[in-house]
Amino acid sequence: MLSYQHIYHAGNPADVHKHAALAAMLDYMTRKDKPLSYIETHGGRGLYRLDAPEALKTGEAAAGIGAVADAAALAGTPYRAVLDEIRAVHGALAYPGSPLIAARFLRAGDAGHVAELHPQEHAALVAALKGTPLKVHRQDGFGMAQSICPPTPRRGLMLIDPSYEVKAEYARIPREIAGLHAKWNVGVIALWYPILTGGAHVPMLAALEAQGLPGALRHEIRFPPVRAGHRMVGSGLFVVNAPWGLEAELDRVAQLFGG
Ligand SMILES: C[S@@+](CC[C@H](N)C(=O)[O-])C[C@H]1O[C@@H](n2cnc3c(N)ncnc32)[C@H](O)[C@@H]1O
């Protein structure tokens, strides 16, 4: 039974890191006049309200986007532009999840596929993505990704953003990424992972780095726990075939949280 709901965490420092990276990569990749595919394995509900009781209960957004939205380091970035566009339509306390950020960049001729397994999150995602080119699949995200790859168009980006509710995911991910890269060697594959005090991500990163994947970029930021006793003290991204300029863009994000 899935219990994770991203509304408790939307807009936290890790979301700012991941979503700024996603917007920067898609902004860069859509500058070229060639179609692309966007694939996302764990979509969430697409659109969040930061004044929802669940978001207010944890206060995570206040420590994330609430604290840094107007920082100079975000000014003029693709992420800030998407945030402004979504808030102009849905209100100042709206927060776009990754599928909605991606939808903002896709052009006619681009293709998009997002998986979400949780029934309520899936229904909300379908509603949030209405009128966009993204297709929503209610199935296991890795199953969807493996069946689509190599996608048409062949150029493209995949975001893998699991909830890590099931500890076996840490061992599964390097195998899944190896398989996806073997089928789709030109694909940009971006994995998000939490940095927890217990170091659960460490063996997973060691296994990923041991694969020697091309153009691999590992980028991590650290931040204080969003509340007393919270075990997440940082956010990590591991990107295969990382687009040009991503590292510099992410170093700007790191400044927001003190490195
Ligand atoms: C971290 S959230 C996604 C947040 C989203 N990527 C964003 O940044 O806006 C993870 C989501 O994965 C969903 N999920 C969990 N297991 C899944 C699976 N095997 N396949 C697809 N989705 C799954 C959960 O219901 C949850 O909504």
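Placed from the backbone N, Cα and C atoms, the Cβ positions cover glycine too.
Copied over from TrEMBL:
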{"type": "ACT_SITE", "residues": "Asp161", "note": "active site, proton acceptor"}
{"type": "BINDING", "residues": "His19, His42, Ser98, Glu116, Asp140, Gly141, Asp161", "note": "S-adenosyl-L-methionine binding site"}
{"type": "SITE", "residues": "Tyr4", "note": "site 'Interaction with substrate rRNA'"}
Distance from the residue listed as 'active site, proton acceptor' back to Gly141 (S-adenosyl-L-methionine binding site), taken between C-alpha atoms, in Å
10
Taking all protein chains shown into account, the Cβ-based neighbour count within 10 Å for Tyr4 (site 'Interaction with substrate rRNA') is 15
Max pairwise CA distance, angstrom, over record-listed S-adenosyl-L-methionine binders His19, His42, Ser98, Glu116, Asp140, Gly141, Asp161
22
Closest to Tyr4 (site 'Interaction with substrate rRNA'): which of the binding-site residues His19, His42, Ser98, going by Cα position?
His42
Number of Cβ atoms other than its own within 10 Å, given for Glu116 (S-adenosyl-L-methionine binding site):
27
Cβ atoms other than its own within 10 Å of the Cβ of His19 (S-adenosyl-L-methionine binding site), all chains, total 29
I'd like the number of other C-beta atoms within 10 A of the C-beta of His42 (S-adenosyl-L-methionine binding site), please.
25
Measuring Cα to Cα, tell me the gap between His19 (S-adenosyl-L-methionine binding site) and the residue listed as 'active site, proton acceptor' in whole angstrom.
11
